[in-house]
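Visitor: Dropping a structure here in C-alpha cells format, bear with me for questions.
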Amino acid sequence: MENGPNCDVFISYKVSTGQSDAKHLQRSISEDCNYSCFLSGVSLKNGDEFQPVIDEALQNCKYFILVITAKTMKSKAVLKEIDEAFKLHKKMFIYRKEGESLKNTGDLFKFQQTIYSDKYDLAHKAINDLENEILNAKNNLENKLKSKNDNQNRTRTELEIFDLIKSKKYIEAKNLLDTQIENNPKNPFYYLIGGILFELLHEYDKAKEMFEKALELDPKYAHAYDNYGVLLTELKEYDKAKEMFEKALELDPKNQATYDNYGVLLTELKEYDKAKEMFEKALELDMLDPLIYGRYAIVLKELKEYDKAKEMFEKALNSNLKLDENILIISTYLKLLNKLNDYDKAKEMFEKALELDPKNSAIYNNYGILLLNAKEHDKAKEMFEKALELDPKNSSIYNNYGLLLKDIQNYDKAKEMFEKALELDPKYADIYNNYGILLGELKEYDKAKEMYEGALKLDPKSSKIYNNYGLALKNIQNYDKAKEMFEKALKLDSEISEVYNNYGVLLTELKEYDKAKEMFEKALKLDTKNQITYDNYGILLTELKEYDKAKEMFEKALKLDSKNSKIYYNYGNVLFELKEYDKAKEMYEKALELDPTHSRAYGRYGHMLGKLKEYDKAKEMFEKALELDPKNSSIYNNYGVMLKNIQNYDKAKEMFEKALELDPKTGYAYDSYAVLFALRKQYDKAKEMFEKAIYYTPEDYRHYNNYGTFLLKLKDTQKAKEMFEKALEIEKTDFKVYLNLGDVFYIRGEYDKAKEMFEKALELQEDCVHSNLCYGKLLKSQGDLKNAEKYIKRALDLDIDCAEACFELGAILKLQNKSTELNRYMD
C-alpha cells in the first residue's frame, strides 16, 4: 500500500528531481512483485508532522531503496533516512541516475551503486535486484553459516557469534569476532564469518578482504569459495563469481548450497540451461528445500517448459515458506498461469496470497487484472474497489479499473477512471496507452492519437504502445503509419507474439499474404496457445482458399477457447466455402448461442441459407442482422442478392440502394446491383454499375468476371475476353473464370484455346457440371467421341436433370450407334 507505514520497500529520493522516477518504481514494484512501497517524499512534502510515520515505515520495511538524482545528497531528509537505514541494518539498494557523479554521493561511494538511464531502466533493474535478493540463497543465513564440517563441535564463543548475527546484533558480533581473530589469526573460519558479517553490514570491500584472507589461509576451503561467490554475484562481478563457484564444487561436489547459489548466478546471467542443471543437482542432494523448487521453476518458465515449471511451483508452495518468499513465488507462478490461461489455478494462488497478506492493495489489484482477463467482471470489480479502498491514491488501480469498465462497455465511467488516473499521475505512459485504446473503440480517433503520442513521449521504448497505436491507425486505414508502428514495436522487442499477430491482420487487409503468413507463423512459434492468432491465421487461409489448413487453425483455436463466438463464426465461413453446410449451420448457430448480438453471424448465416434456398429462415437472419447493425452495407447487399434470387426485385433494389447510401464506395454493392439491372434488361444501367464496381474495387477479380459474363450474354466476346483475362491476372485459382474464358474461345471458334481453358477449369474443380459439359461438347466438335462421352456422362452423374447434357449425350451415342445406352438416363 503506497505511503503506509507497514511497507515492504522504503523508497528514498529527492522530491524536486526524482519524484517521477520514484513513483514509477513504486508502481512497478507493486504490480510485478506484489510488494507495497513507502514513498518518503510524498509524506515529507506535507511537513514534519509525518516524521513519526516515516520512522515507523523505516522500522518496518524489509528493503531500503535510494534513488540518487540531482541534489539528492544535499537533502537533509534523505541523509537522515540513509543514516537510519544503516543503523537498522536494512538491506540497501542504491540507484544513481546516469550523469550523476559518483564523487557527489559522499560516503556512499564505497557501496555498490547501479547506474540507470531512465525510470523504465530503474524499474527493470530494481525489480531484478529485489527478486534475486528475495530468492537468493545468500539471504538464508543458515546456508551462509553452514559448511561441510557442520558436525564438528563449535566453541561457546563461536556459537555466541552465530547467535548475535542471527539476531542482527552486528556490532556486538563484530566486536567479539575481532577479539577471536586477534587471538586466532590463522583460523580461516573466523575470516569466513567476518566476510559474511561485513556483507550484511554492506561493507563490501572489507567483506572481500575477509574471504580472500580465509582462502589464503586455506586454499581448499570450499565454503569460503561458495560465500565469496555469493558476494561477487551481488556485486555483479560475474566472471569471478563463476570462478569461485566452480572451485567450490571441485572441492565439495556434494554441497547443495553451492549448486543452488551457482544456479542463482546463472539465472541472473540468463544462462538458463546451465542454471537448470545446477538446480537439478541441488535437488538431488536436498529435495526438501522449497526455495530451490521455486528458483528451479522460474528457470523452467524461462525455458518454456511450462508443465514442469507448474509442477515445481506446486512443490515450492506446498512447503512451509516464509511470507515474503511465498509472495514472490506466488507472483511468479501467477505470471505463468496467466500466460497459460489457467485461470482457476491462478485464482487459487491469489486467494492464497490474500490469506497471507489481506491488506495488500497490490494483490487485490493484480487479482482484479486476472479476473478481468477471465471475463469474471463482477468479481474483478470487487477486487479493484477493495484495492482503491486500501489505496485511494494509486493511479495504477484506477487505470486497471478503467480497463474493466471499458470491457463491460461502461464507457463514461471508464473515461472517468482514466482521467482520475492521469490526474494522480500525468506521467504514467500506460494510462495514456489504455485510454487511447478506449477512445479508439469509441471512434474518437483524434483524441486517441493524442493519447498514444503522449504515451510514446513518456515511454518511447514501449513496444506495447507502438503495437496499440498501430492497431488504431489500421482502424482508420492509415496503413503506412500503422506498418511503421508495428515495425518499431518489433524492433524494440522481437519476442511479443501479439505484435506479429496484429501485424499479420494488417497485412491480410492489405493483401500482402506471404508476409502476413510469416507474421502469423512467428506469432505461433512464440505462443502456441494463443487462440486469437489461430483464428486470424484461419481467416487469412480462408481468403487464400487454403481451406483444409484454415479448418486446422479454427479447430486449434476452439480447443483453446470453446466459448468464443467469433471463432465459431469464422469456422462457419470456411465450412460454407467447402460446402459442408450442415457443419457450417452448426457453427453459425453456436456463434449466435454464445453471442445473440453477433450481427455478422446472422448476416452470413442468412447468406448461406439463401444459397440453400431456405428463404424464410434466411430472411429472418437478415432482418435480425439489420436490427442489430442497421448501418452495415454488407448485410444490405447480401440480403439484396437473396431477394434478387427469389425475384423480389423491388425490395432487392431497395437493399442495394441502402447499401450504397451507407457506403458509396463499395464495389460489391455496385456489382450486385448490376446483376439486378441485367436481369431486368436495363443493360446500360448494368454496365454503369459494373464499371463503378471495378473503379472502386479494382483489386477484386470477381467484378471483372461478373462483368465479362454479362458482356458474353450480350455477345460482346471481345470485351468479355478482356474482362476474363484481367480477372486471371489478379486471381489464377478460380475455375469459373477459366470456364467463362473457355466459353468465349469456343464461341469464337478458337478451339485449342478453349480446350486449354476447360482443362484448367477441370484441373481446379473436376465436379462442376458446366465444365464437364462444355469440355465434352468441345471434344465432340473435334471428333473425339469416346472422351466426349466420358465428360458428358460425368456431367449427368453430377446433375441427372441437366437437359442439355442429356441432349448432347444422345447425339454422341447416336453417332457411335449406341443409342440404347441413353435409356438408363431417361428413366
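Glycine is treated like the rest: Cβ placed from N, Cα and C.
For 120-158, the entry in TrEMBL reads coiled coil. The domain 'TIR' feature in TrEMBL is assigned to 5-138. Here TrEMBL flags 188-221, 222-255, 256-289, 361-394, 395-428, 429-462, 463-496, 531-564, 599-632, 633-666, 667-700, 701-734 (among others) as repeat 'TPR'.
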Visitor: Going along the chain, which residues at least six beyond the ends of the repeat 'TPR' (463-496) come within the CB cut-off of under 8 Å?
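Guide: Sequence-distant neighbours of the repeat 'TPR' (463-496): 429, 433, 436-437, 440, 445, 448-449, 452, 455-456, 502-503, 505-506, 509-510, 526.
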Visitor: Give the residue counts of the repeat 'TPR' (188-221) per reduced DSSP state, in the order helix, strand, coil.
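Guide: Secondary-structure breakdown of the repeat 'TPR' (188-221): 27 helix, 0 strand, 7 coil.
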Visitor: Under an 8 Å Cβ to Cβ limit, what residues of the same chain, 6 or more beyond the ends of the repeat 'TPR' (188-221), are close to it?
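Guide: Cβ under 8 Å, 6 or more out: 86, 89, 92, 110-112, 138, 144-145, 147, 158, 161, 165, 170, 173-174, 177, 180-181, 227-228, 231, 234-235, 251.
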Visitor: What are the DSSP helix/strand/coil residue counts across the repeat 'TPR' (429-462)?
Guide: 27 helix, 0 strand, 7 coil
Visitor: Do you know the DSSP helix, strand and coil residue counts for the repeat 'TPR' (256-289)?
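Guide: The repeat 'TPR' (256-289) comes out at 27 helix, 0 strand, 7 coil.
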Visitor: Restricting to the repeat 'TPR' (667-700), report the mean pLDDT as a whole number.
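Guide: The average pLDDT of the model in the repeat 'TPR' (667-700) works out to 95.
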Visitor: Counting by DSSP secondary structure, give me helix, strand and coil numbers for the domain 'TIR' (5-138).
Guide: 80 helix, 24 strand, 30 coil
Visitor: How does the repeat 'TPR' (701-734) divide up by DSSP, counting helix, then strand, then coil residues?
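Guide: Counting residues by DSSP class gives 27 helix, 0 strand, 7 coil.
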Visitor: Should anything in the same chain at least six residues away from the repeat 'TPR' (633-666) have a Cβ under 8 Å from its Cβ atoms, list it; otherwise answer none.
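Guide: Distant Cβ neighbours of the repeat 'TPR' (633-666) are 599-600, 603-604, 606-607, 610, 615, 618-619, 622, 625-626, 672-673, 675-676, 679-680, 696-697.
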